[in-house]
Amino acid sequence: MDVHEYQAKELLARYGVPIPRGGVVYSPEQATYRAKELGGSAWVVKAQVHAGGRGEAGGVKVCTTDREVNEVANQMFGSRLVTRQSGPEGKLVYRLYVEEASRIQRELYFGIVVDRSTERIMVVGSREGGVEIEELAELRPEALVRISVEPALGFLEFQARELAFALDIPYELVPQAVHVFRSAYRAFRDLDAAMVEINPLVITDSSAGASELVALDAKMSFDDNALFRHLEIAELRDRSQEDARESHAADRGLAYVGLDGDIGCMINGAGLAMATLDMIQLAGGAPANFLDIGGGASPDRVLKAFRAVLNDQNVTAMLVNIFAGINRCDWVAQGVVDAFAAIDVRIPVVVRLAGTHVEEGRAIIAASGLPILTADTLAEAAELVVTAARREKVLDGHPA
Ligand code: ADP
Ligand code: MG
């Protein structure tokens with residue numbers, strides 16, 4: 001689960017990461033009022049959306065009068081901000097953050113992620129902040145400093161110091177840097193985060209006093225499976241920023257993942273899901289989504305899952321692939337037959353059943369007289385559904 005910049009900043013600040021003064025606002029009037037309250041002569045108005053790359057997309061604006069703050073806020077509120085991370089529809093802007101403008105001397109990158117290959121938390125830094133890290137990692141991987149954290153020891157002071165030196169942080173600021181890095185790490189650990197990113201972490205200009213380190217942007221995302229022990233964070237969930245297909249399914253207790261293709265998939269278990277997606281790709285198709293019905297799914301649950309898969313307008317054919325252990329093929333088959341009765345299913349549906357009560361399940365499908373395509377193996381099922389999806393496209397007038 002992602003949270004907004006201002007929420008991430010608030011959480012990090014609690015652990016000791018310095019952030020600029022600012023406040024969230026819900027209307028242009030509030031924006032002007034906030035700017036006045038903050039005082040000073042320059043403010044930054046920032047669209048709060050769950051996507052990075054706001055700066056280059058016009059979602060971060062420096063203003064020097066309260067009238068300008070008001071105008072910028074007026075333009076941003078209610079708009080959909082399209083950034084390189086938001087997807088083509090963009091994200092709805094209905095909260096803004098107004099903060100004091102900092103004088104920047106240098107922009108650095110600081111992040112914490114879970115590295116799946118080493119199964120460790122990894123702290124990442126770069127002298128080149130402000131730019132997108134994925135791009136930097138691809139073009140110039142040597143510009144990234146990576147530090148792997150030993151789970152039993154945590155992120156140690158000497159490691160934080162090494163990172164500070166690698167980022168060329170001036171000597172007098174090293175203790176502060178160590179404090180910032182380790183505070184962010186503590187926040188990551190304590191709150192069961194999946195990612196923390198401070199980009200940019202800036203060294204301020206020394207013209208108005210001593211330089212300091214400040215987190216000008218912050219991003220955090222959290223492990224969904226740990227949210228039950230952080231109710232305060234679970235409450236920060238903002239549905240307006242999520243994939244509508246995924247929240248619809250989550251509300252019904254179904255695990256759904258939206259993808260870009262046109263074949264809808266209903267599966268049990270994440271491992272079988274991965275295998276099914278691979279087989280579809282191998283057969284030349286592209287999955288639109290996959291929905292995991294989990295174990296012991298009742299016909300009613302299967303019906304709900306069916307609806308969730310078909311909810312996606314891009315789906316032109318659907319594959320039901322069940323390898324039943326705790327599940328029962330006859331219940332799944334009944335759910336599929338019920339779905340045809342309850343929903344106007346206009347696309348080809350391929351069903352492949354294996355495992356517990358498979359004979360009973362196949363008999364229910366056969367006896368239904370419905371135009372359901374069946375297959376015995378996964379490879380066969382994948383071929384069938386890809387061919388069916390292609391045919392639908394041709395019938396629809398799109399070249400396959
Ligand atoms: P995004 O990463 O979504 O583009 P950022 O918050 O990183 O948004 O803002 C983009 C850029 O705007 C930053 O790299 C920084 O140069 C500038 N910026 C952001 N906040 C401030 C601020 N408070 N004061 C001065 N400049 C800022
Ligand atoms: Mg940023």
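Glycine too: its Cβ is placed from the backbone N, Cα and C atoms.
A TrEMBL annotation is a machine prediction, not a hand-curated record.
The domain 'ATP-grasp' annotation in TrEMBL covers 9-242.
Within the same chain, residues at least 6 positions away in sequence whose Cβ sits under 8 Å from that of G53 (ATP binding site) are T83, R84, Q85, S86, E132. G53 (ATP binding site) falls within neither a helix nor a strand when secondary structure is assigned with DSSP, and so counts as coil. Positions annotated as ATP binding site by TrEMBL: K46, G53, R54, G55, E99, S102, E107.
D217 (Mg(2+) binding site) falls outside any helix or strand according to DSSP and counts as coil. Residues or ranges marked as Mg(2+) binding site in TrEMBL: N199, D217.
If you look up TrEMBL, you'll see N268 marked as substrate binding site. Sequence-distant neighbours of N268 (substrate binding site) (same chain, 6+ apart, CB under 8 A from its CB) are D292, I293, G294, G295, A297, I322, F323, A324, N327.
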Count of other CB atoms lying within 10 Å of the CB belonging to E107 (ATP binding site): 18
Most Cβ neighbours inside 10 Å, all chains, among the binding-site residues K46, R54: K46
List of residues, in chain order, with Cβ under 8 A from that of G55 (ATP binding site) and at least 6 apart: G130
Binding-site residues close to ligand 1 - of R54, G55, S102, D217, N268, only those whose C-beta is under 6 Å away: R54, G55, S102, D217
Model confidence over the domain 'ATP-grasp' (9-242) (mean pLDDT, whole number): 95
